[in-house]
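Accompanying notes for the structure given below.
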Amino acid sequence: MEIEKMIKQLNPKFRNIDGKKLLIAIAIDEDKTVLMTAFMDEEALKTTLETGYMHYYSTSRDKIWRKGEESGNVQKVKEIYADCDKDALLFVVEQKGWACHENYYTCFHYKLNLKNNDIEIVGENMVNKY
């Protein structure tokens, strides 16, 4: 299916965030572990659909980036879901290596302990694993 037709069928709702038209992109692995969340603009979505690999829009660098372009920890797209408002997309990906730039498998490795209000780090630092 051509990319424009795929985008038309998805009908994503890009929101104005800091003067840019963006949507939320959530990446999970095939075991349903939440890996990360980031923004996408329309070009990042098109590039993701064209290549089959996750591309995001960096608000801090003001550019599109391919996940893993420096680390090699790429995300291959397996499935795509849109939420009911169509302003967020959920991508099921095959994660190579780890997702987090802090070297954890998931970016969600900080846990607030509700009993003592302390932040705990969960998961293993992947650099130390190898």
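Every residue, even glycine, has its Cβ placed from backbone N, Cα and C.
For Asp83, Asp85, Asp87, the entry in Swiss-Prot reads Mg(2+) binding site, with the evidence type sequence analysis. Look at Swiss-Prot and you will find Cys84, Cys100, Cys107 tagged as Zn(2+) binding site, backed by sequence analysis.
Applying an 8 A CB threshold to same-chain residues 6+ apart, the list for Asp83 (Mg(2+) binding site) reads Leu89, Leu90. When the Cα atoms are compared, Asp87 (Mg(2+) binding site) and Cys107 (Zn(2+) binding site) turn out to be 21 Å apart. In this view, Asp85 (Mg(2+) binding site) is surrounded by 10 other Cβ atoms within 10 Å of its Cβ, with every protein chain counted.
A gap of 25 Å separates the Cα atoms of Asp85 (Mg(2+) binding site) and Cys107 (Zn(2+) binding site). Around the Cβ of Cys84 (Zn(2+) binding site), the same chain contributes no residue under 8 angstroms that is 6 or more positions distant in sequence.
Shown in sequence order, Lys13, Leu23, Ile24, Ala82, Cys84, Lys86, Ala88 are the same-chain residues outside Asp83, Asp85, Asp87 whose Cβ sits within 8 Å of the Cβ centre of the Mg(2+) site.
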